[in-house]
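S.K.: Below: one structure in structure tokens.
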Amino acid sequence: MAYDEQLAARVRELVPPGTAETRMFGGLAFMVNTHMALSLSGDGLLVRVDDPEAAAARGAEEMRMGERVMTGFMRVPAAALATDDALAGWVGPAVAEAQATPPKVRKTPKTPRRPKGSDKNG
């Protein structure tokens, strides 16, 4: 699924410097503090939320991937993003939520196991 390039340009003006962009879920994700803050796909926006009920009251919908509900994120339809103030009202809190989440720590790879039948002494 493609994403709206004009919406992407508007989002870029609102996210903090150093925000990484990566293609994800068929769209464009904005990564803050190693976490996805928001993503564009189709003509809408997927945003990280801390209060799903408040987001739903503002017009956001559950985000589903197949039959599964994606917790912590909601989809905002394009109609709710028409003005710059409306967009900022979704981008700001999504970025703040990602910034408040501790960065992911990369796991170190495990030492590879020796194949069965190999001798420890070589």
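Numbering starts at 1 and runs along the chain as displayed.
Using N, Cα and C of the backbone, Cβ positions are placed for all residues, glycine too.
Below are the features listed in TrEMBL for this protein:
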| type | residues | note |
| --- | --- | --- |
| COMPBIAS | 104-115 | compositional bias 'Basic residues' |
| DOMAIN | 21-98 | domain 'TfoX N-terminal' |
| REGION | 98-122 | region 'Disordered' |
S.K.: Do you know the DSSP helix, strand and coil residue counts for the domain 'TfoX N-terminal' (21-98)?
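M.R.: Looking at the domain 'TfoX N-terminal' (21-98) with DSSP, the answer is 25 helix, 37 strand, 16 coil.
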S.K.: Averaging the per-residue pLDDT over the domain 'TfoX N-terminal' (21-98), what integer do you get?
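M.R.: Here the predicted model's pLDDT, averaged over the domain 'TfoX N-terminal' (21-98), is 91.
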